Amino acid sequence: MARVRDLLLVLALTCVTGEEVASTPKPIKVLDTIMNPSYIPAEEKHGFYWKKSAITTLKSKLKETKNVNKAKNGILFIGDGMSVATVMAARTFSGQLERGLGEESVLEFEKFPFTGLARTYCIDAQVPDSACTATSYLTGVKTKYGVIGLDGNVTRGSCHSQLHRGNWAPSIGQWALEQGLDVGLVTTTRITHASPAGMYAHTSERNWECDADVPKECLTLGCRDIAYQLVMDNPGRQFKVIMGGGRRELLPNVSDPLVKTVGRRLDGLDLTEMWHVDKVNKNATHQYITDRNELMKVFNSDDLPEYLLGLFKDDHMDYHLKAKDQPTLEEMVEVAIKMLSRSKRGYFLFVEGGRIDHAHHDSLAHLALDETVEYSKAVKKAKLLTNAEDTLIVVSSDHAHTMTVAGYPSRGNDILSTVDTATGDDRMPYTTISYANGKAASIGADGKRIDVTLSQQFLNRDLEYSYPSLVPLDSETHGGEDVAVFASGPWEHLFTSSYEQNVVPHLMAYAMCLTEDKHEQCNYTPRKPKFWTSSASTTRVSLVPYALSILTVITMCL
Ligand SMILES: *[C@@H]1O[C@H](CO)[C@@H](O)[C@H](O)[C@H]1NC(C)=O
Ligand SMILES: *[C@@H]1O[C@H](CO)[C@@H](O)[C@H](O)[C@H]1NC(C)=O
Ligand SMILES: *[C@@H]1O[C@H](CO)[C@@H](O)[C@H](O)[C@H]1NC(C)=O
Ligand SMILES: [Zn+2]
């Protein structure tokens, strides 16, 4: 049957293109300059090129088979604030960095076979924050704005409702631990920030990152800050890998000149020390590291510790383009996967590219796009180090932002520049990227729109240049539209269509056999867990019925 289908397919392709279709599209030619807006690659001017590339895509889709294996491992990537507009702009930016026109460039996760849309609202807010969304995509429960790891029966900032166990929503990290998997957490923000906290914390107030942030009466009642929960409570204390920034939230505020890092804690606790004591009590090898060198040493050692805590900055980690002594997200992901791959039962890893959001809040589009490209590199590394036969990778975002890509710039026009084809009705140029709101108002004191081309900062592509916005706000806001979900690996096809954001961890858990709903392969243990190839798979079924092939031939030859 499959052979007949392939033959029909070849016939179909031949009748459109007149020749065998190449298996991969031709790479776009490197440009001498992106400044020439009228440049169009010669091959793109021919309909043939587009038909051929479309058929290549069709052909690879027809080859797709349903992967219903057990996902031994699951990796969830969240690009904080990575709206669909951000994905398009970052892809263009990335292509232009490589001297291409840009639009045709593809980020790593855009190559994933299945894509869906997730609705991000909180139960009490049309446009969400990173706390209620983290609760949604990590615990599978939608909740209120500002709340983490608790359902909507809580009042934000109420310690009573936080302490009520019935309100707790455990994360997929905890579900994985309960099934004997190893769990890891990697972020570029403070490790206690809203998104990573969704993995381990139950807090009615996202800003309670250390005890200094928690009202006294709440501390008296027994409400713990987020850093404390990470180190001292389950599931955080069982995480094998924890990496990110936010050292200050774990360290005491002491006035000792010999102390390298002055923390924010007022309870005198050094949680890095308590993390160490906890692992000693478990008789487990462990290491606490604070810079890239130490991380590289861990990576290159034959004797990886059982537990790794890496806190690379006091606050958030630096933007990649401004960083000096810190690992990249890609490097952290590589070490995390190396650590977790030792687990026979598999692992769950949560990775956040957390500073896309921060750059957007300051309307720093250049940095937001670069952080997105870094995020894509980390996804690429994870894809390289794992196998789609046994590892499900899901890439998404928590919420959108107000950045738009507007006007009718020419093909290949610098995405960070002004629209090259037109001005506003006020005869002033305008940038392709702008924000609906944010810190750099587009209107000046004279009531007229500011000419961006008079700004040296803009012309120099300064990283600190804030793109113009309509409504002046100290901090640009999130956006309310859906975010994309990209999936690759076992049960990737479940991630298609449009759904609520809280569905994501349930789908992952189903693929990974973490819940009561078990699929056929849940009891199946592969013989060669690490290097088995696709031919070793016994569970693939054809997605494409025979009839579709015939239909394809008929439609194409018409
Ligand atoms: C809601 O939370 C309160 C505590 O704030 C608790 O007393 C009550 O039982 C909870 N309701 C449900 C349905 O769990
Ligand atoms: C530590 O406490 C001092 C005195 O209260 C304060 O000025 C300082 O800002 C605190 N440091 C941090 C990192 O919170
Ligand atoms: C601790 O671990 C080491 C090495 O794995 C082992 O030799 C030793 O017996 C363990 N000690 C305890 C108290 O479990
Ligand atoms: Zn934000």
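Heads up, the Cβ atoms here are built off N, Cα and C, so glycines get one too.
Keep in mind that TrEMBL annotations are predicted by a computer and have not been checked by a curator.
Of the residues proposed, HIS160, HIS276, HIS286, HIS478, the one TrEMBL records at the same Zn(2+) site as ASP80, ASP357, HIS361, ASP398, HIS399 is HIS478.
Within the set of binding-site residues HIS193, SER195, GLU352, ASP357, ASP398, HIS399, ASP357 have a CB atom less than 6 Å from some atom of ligand 4. Nearest by CA distance to ASP357 (Zn(2+) binding site), out of the recorded positions ASP80, SER130, HIS193, SER195, is ASP80. Measuring Cα to Cα from SER130 (active site, phosphoserine intermediate), the binding-site residues that fall within 10 Å are ASP80, ASP398, out of ASP80, GLU352, HIS361, ASP398.
Its Cβ placed at the centre, SER130 (active site, phosphoserine intermediate) has 26 other Cβ atoms within 10 Å. Nearest in space to GLU352 (Mg(2+) binding site), taking C-alpha to C-alpha distance over the binding-site residues HIS361, ASP398, HIS399, HIS478, is ASP398. For HIS478 (Zn(2+) binding site), the count of additional Cβ atoms within 10 Å of its Cβ stands at 22 [all protein chains shown]. Cα to Cα, ASP398 (Zn(2+) binding site) and ASP80 (Mg(2+) binding site) are separated by 6 Å.
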